[in-house]
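Worksheet: one structure, shown below.
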Amino acid sequence: MPMITITLPDGSRREFDAPVSVMQVAQSIGAGLAKATIAGQVDGQLVDASDLIEHDASLRIITAKDAEGVEIIRHSCAHLVGHAVKQLYPDVKMVIGPVIAEGFYYDIYSERPFTPEDMAAIEQRMQQLIAQDYDVIKKVTPRAEVIEVFAQRGEEYKLRLIEDMSDDITAMGLYYHQEYVDMCRGPHVPNTRFLKAFKLTRISGAYWRGDAKNEQLQRIYGTAWADKKQLDAYILRMEEADKRDHRKIGKAQDLFHLQEEAPGLVFWHPKGWSLWQVVEQYMRKVYRDSGYGEVRCPQILDVSLWQKSGHWDNYQDAMFFTESEKRTYAVKPMNCPGHVQVFNQGLHSYRDLPIRYGEFGACHRNEPSGALHGILRVRGFTQDDGHVFCLESQIEAEVTAFHQQALAVYTAFGFDDIQIKIALRPEKRLGDDATWDKAEAALRSALGVCGVEWQELPGEGAFYGPKIEYHLKDAIGRTWQLGTMQVDFMMPGRLGAEYVDEHSQKKHPVMLHRAIVGSMERFIGILIEHHAGAFPAWLAPVQVVVANITDAQAEYVDSVRKTLANQGFRVSADLRNEKIGYKIREHTLQRVPYLLVVGDREKENGAVAVRTRSGEDLGTMTVSAFIERLQAEQAA
């Protein structure tokens with residue numbers, strides 16, 4: 001038998017006279033590497049450390065220092081959850097346990113909901129199992145035998161999952177954690193010693209196949225890392241994120257609430273709506289300064305329009321419907337078809353293009369209830385939506401201009417770490433490959449002109465076109481996807497949008513879909529968490545509170561409030577019969593940027609004592625001097 005040559009990342013080669021496992025190659029290099037080996041990447045494909053290499057191949061040893069290694073640790077921790085749960089609660093049924101961002105979860109069918117006490121017991125059992133330092137054994141098993149294994153164990157959900165698999169899959173990996181067995185593509189860790197840096201984080205409900213009509217499952221979430229240092233850093237980040245939770249701050253500052261009777265829909269309170277209006281007016285100015293005409297389109301449209309647009313075939317599961325007089329209408333999930341209708345009212349010359357429309361468009365999408373999360377993931381939301389109807393030759397200039405607008409907006413709201421990505425054609429899409437090639441090339445060209453680097457995301461574009469995505473990093477290092485710019489060669493033709501070219505021929509324009517903040521609800525939720533409720537003064541729902549020390553200053557306090565309000569500031573007066581120290585503490589906790597304290601001396605001198613929310617005493621100044629200070633701060 002010819003020798004098998006293994007090529008390592010540094011270009012060095014090792015030869016073996018028989019099929020060799022990843023672990024054996026690692027052992028041939030050194031005992032330290034072998035001990036650290038989690039898996040391997042053979043010719044670009046991740047495999048288990050026990051898998052045999054039977055031909056010449058390139059090999060990269062995967063350890064906990066690699067991103068792939070950490071992901072494998074997380075996946076194996078999900079299996080360890082299964083092992084612990086089945087020992088503690090033998091009657092439950094295991095469903096599925098995937099890796100997610102920074103962690104993992106396992107869905108489990110249980111007759112009763114798990115409690116926090118259950119989660120603590122499961123975590124303790126997992127730690128006990130890890131301490132046993134046992135090997136995780138992989139066995140590639142014929143499909144029929146896999147069915148038999150899970151049938152004997154009464155794991156009906158595993159059997160359903162196997163039933164869903166293609167007939168081409170004739171064998172699969174079974175991973176044994178002692179007496180517990182799970183099926184998976186793998187790879188997994190070779191031993192439980194790699195799983196020490198984990199923590200279970202929460203329990204929630206989920207539905208089989210994500211459908212609320214199906215039975216409810218228990219979902220156990222956890223996180224896992226390469227070592228305790230990384231785990232501790234993550235826990236600190238999560239504790240900080242918990243302090244910044246927009247739901248907690250929203251309640252504490254009386255900004256908004258949600259309730260069961262309206263899942264995924266927001267009740268805005270006066271201060272929250274004030275914050276909304278500041279954001280909206282800022283974005284309205286962006287529309288005006290960028291040459292967008294603001295429009296307003298209907299909330300519901302006959303389904304025939306959604307059939308023409310392509311939403312019916314590609315998006316109807318996420319749409320709400322209603323009926324009237326034997327006609328079916330859809331509540332709009334997107335604003336684009338409405339903007340095409342505005343464009344279609346009248347004849348356009350190529351000289352008129354580009355034509356830009358903007359709308360603070362209220363949309364509704366039928367998100368699964370389990371996916372809803374505060375105001376970050378809702379069913380009813382408003383977008384700073386815009387559409388540009390242009391010539392192909394104008395795409396680059398429009399995308400470049402949008403890029404500059406978007407960066408300026410993000411900077412103004414306090415974000416300066418921005419990553420740019422291009423989401424490419426999805427499997428389910430409109431149009432042919434040539435059209436998609438053209439659209440994707442246009443976005444690459446425009447970003448090239450902007451001189452920025454970007455990452456490409458295959459399969460993540462919208463069904464009607466590729467898109468540029470703007471991903472913003474917040475104050476604690478989390479990344480949020482916000483703005484988008486999409487090139488669409490399809491929808492104008494489907495909805496009859498036309499212009500007359502220089503040869504008097506009717507042509508379909510290119511349609512650019514753009515949003516900078518995206519969902520206003522989500523953006524405000526992100527702002528709350530990014531600033532931890534301590535908004536910059538220009539953005540704060542209440543910029544100034546004027547507080548008296550005794551009733552003798554009440555009239556003067558009210559006159560100061562009116563003076564500030566007349567200058568356009570968002571100001572309130574605190575005339576309660578409370579000690580001034582109490583008032584200061586309360587408004588500081590409310591993150592109000594400025595507190596103006598008024599006693600007899602300030603009243604006599606027509607002045608105010610100025611304090612910031614950080615506790616800094618700026619001293620006594622005239623009301624006009626304070627106004628100048630606040631105006632200068634807002635203009636900065």
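Count begins at 1; order follows the chain as displayed.
Placement of Cβ uses the backbone N, Cα and C atoms for every residue, glycine included.
Residues annotated as Zn(2+) binding site in Swiss-Prot: Cys336, His387, His513. In the three-state DSSP classification, Cys336 (Zn(2+) binding site) falls within a helix. Counting every protein chain shown, the Cβ of Cys336 (Zn(2+) binding site) has 24 other Cβ atoms within 10 Å.
Residues annotated as domain 'TGS' in Swiss-Prot: 1-63.
Residues annotated as region 'Catalytic' in Swiss-Prot, with sequence analysis given as evidence: 245-536. Summarised as a single figure, the pLDDT of the region 'Catalytic' (245-536) averages 94.
With a 10 A radius on its CB, His513 (Zn(2+) binding site) counts 22 other CB atoms from all the protein chains. Residues within less than 8 Å, Cβ to Cβ, of His387 (Zn(2+) binding site) and separated from it by at least 6 positions along the same chain comprise Asn335, Cys336, His339, Val340, Arg356, Tyr357, Met511, Leu512, His513, Arg514. Secondary structure at His387 (Zn(2+) binding site), as computed by DSSP, is strand.
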